[in-house]
Amino acid sequence: MEVGKLSVLLLFVIGVGSLEMRTWGSGSGSSSSVVTLDCGIHAMTPNTRVTIQTPNYPNDYDESYRCQWEIYCNSVENTTLTMSCPDFELEDSANCNADRLIIKDHDSRDVICGDDNPDGTTTVDGWMRLTFWSNIVKDTTAKGFRCHIWCHPKPDTINLPCIC
């Protein structure tokens, strides 16, 4: 593919986490790429985006799997994180006792499953922890999810450079 035709937004994420490039075909000999975060702790800067997804996405995820992402935006008190999940499908169960995604910020903790999409979730500040967990029951997995997380400055907030 020619460089001019490469339509990938490269995301620069500063932190202790690593990035992994996953590519999937989109038909007609073309492909698109998305940089997704591995499990772990990741830092962002205002006005950037990261992406998380279940293993094997868009195919069914594995059973007995756990992944936790801790994401924060510098500076935490002057920013918020917003989720957008264009695709979300986990195994459905009563009280989300089977497969689930736990979304935790400094103000709340939500447990979701099935097609209860967390699209539009916004944190009170620039920190969140997401934990994906699938149970050990065979043949009860689903497609999973892909979610984008944006770091935004809080309104009327001036972001000064970090003097660390």
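Backbone N, Cα and C define each Cβ position, glycine as well.
Curation plays no part in TrEMBL annotations; they are all automatic predictions.
What TrEMBL says about this one:
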type: DISULFID; residues: Cys96-Cys113; note: disulfide bond
type: DOMAIN; residues: 39-152; note: domain 'CUB'
type: SIGNAL; residues: 1-18; note: signal peptide
Cys96, Cys113 as disulfide-bonded residues, winner by CB count within 10 A: Cys113
Within the predicted model, mean pLDDT of the domain 'CUB' (39-152): 94
The domain 'CUB' (39-152): DSSP-derived helix, strand, coil residue counts: 6 helix, 57 strand, 51 coil
